[in-house]
Amino acid sequence: MPSVNNDLSSPSTKITSNQSNMDEQCEEQLHIGILEIQGGFSEHKAALIKAAQLMGNEAMLKIYSVRKAEDLLSKLCGLIIPGGESTTMGLFITRNKMADALQDWIKDEKHIVWGTCAGLIMLANQSEKQKIGGQSLIGGLDIVVSRNYFGRQVNSFQGKVKIVDKSLLKENTPSYFEGVFIRAPAVVKVNSPEVSTLAVLPHSSKEKSDTIVAVKQKNIIGTAFHPELTEDLRWHEYFLKIILSVQNH
């Protein structure tokens with residue numbers, strides 16, 4: 001599991017607070033927010049830093065903590081919603097009056113958002129197996145997800161995820177990704193042709209078909225697994241490259 005790199009002397013991997021250097025535009029810097037409610041936000045930070053370095057210092061990376069609506073600055077060009085417990089996350093977002101701000105921020109297609117595990121659930125328009133009383137969702141992905149699709153904590157596992165989107169495949173890298181699934185959801189229905197499948201879990205004797213575990217719709221990415229808990233940086237590179245491609249158009 002990666003840890004946060006404390007050596008921030010390289011100009012390509014600066015981390016700042018929300019209050020400083022905010023005169024810089026997203027076109028000049030990679031301003032990435034991480035919703036720090038639950039989950040591996042420190043692991044995401046470390047992976048983003050390593051991915052930016054691997055990309056040859058193509059952009060200046062600045063990472064911001066997002067815990068309230070005011071943190072969703074217009075200058076943020078990317079946002080990661082880590083895993084955790086989706087019901088708890090929904091309650092936090094509702095109680096802190098963040099839902100409208102998150103939805104408005106995501107509606108701008110120049111803003112790229114990526115949800116992992118519970119983050120995928122939060123970004124789905126519909127969710128199965130909700131707790132009694134339901135739960136709040138941010139929405140945006142025209143899909144139906146199933147919470148705890150593979151079972152509870154005891155059923156967590158690592159499995160070979162088959163990457164089906166060629167933009168995630170680098171030269172001399174395998175077409176599989178070692179996915180970490182912790183009480184993971186899965187995409188059980190796609191309701192729009194705008195939703196593209198990025199990766200699947202190949203079917204086993206228990207499943208009749210492949211299980212969709214990563215999707216993209218316009219500016220929204222969702223993965224059922226935890227790339228931040230591996231040393232494989234392809235998903236974080238993919239996220240940053242999409243942001244850069246949007247900036248260049």
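Just so you know, glycine gets a Cβ as well, placed from its N, Cα and C.
What TrEMBL records for 1-22 is region 'Disordered'. The L-glutamine binding site feature in TrEMBL is assigned to G84, E85, S86, R147, I182, R183. The active site, nucleophile annotation in TrEMBL covers C117. Here TrEMBL flags H226, E228 as active site, charge relay system.
Shown on the structure are the features that TrEMBL records.
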residue: G84; record: L-glutamine binding site; CB count, 10 Å: 23
residue: E85; record: L-glutamine binding site; CB count, 10 Å: 19
residue: S86; record: L-glutamine binding site; CB count, 10 Å: 29
residue: C117; record: active site, nucleophile; CB count, 10 Å: 28
residue: R147; record: L-glutamine binding site; CB count, 10 Å: 20
residue: I182; record: L-glutamine binding site; CB count, 10 Å: 20
residue: R183; record: L-glutamine binding site; CB count, 10 Å: 20
residue: H226; record: active site, charge relay system; CB count, 10 Å: 25
residue: E228; record: active site, charge relay system; CB count, 10 Å: 27
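Taking E85, S86, C117, R147, R183 as the recorded positions under consideration, the smallest Cα distance to H226 (active site, charge relay system) is found for C117. Neighbours of the L-glutamine site: apart from G84, E85, S86, R147, I182, R183, residues of the same chain with C-beta atoms within 8 angstroms of the site's C-beta centroid are G83, C117, A118, I121, N148, A184, P185.
Between the alpha carbons (Cα) of E85 (L-glutamine binding site) and C117 (active site, nucleophile) lies a span of roughly 9 Å. C117 (active site, nucleophile) and R147 (L-glutamine binding site) are 9 Å apart (CA-CA, integer value). For the recorded site, R183 (L-glutamine binding site), the DSSP three-state label reads coil. Largest CA to CA distance in the L-glutamine binding set (G84, E85, S86, R147, I182, R183): 13 Å, whole number. Here the C-alpha separation of C117 (active site, nucleophile) and R183 (L-glutamine binding site) works out to 8 Å.
Here the Cα atom of R183 (L-glutamine binding site) is found 16 Å from that of E228 (active site, charge relay system).
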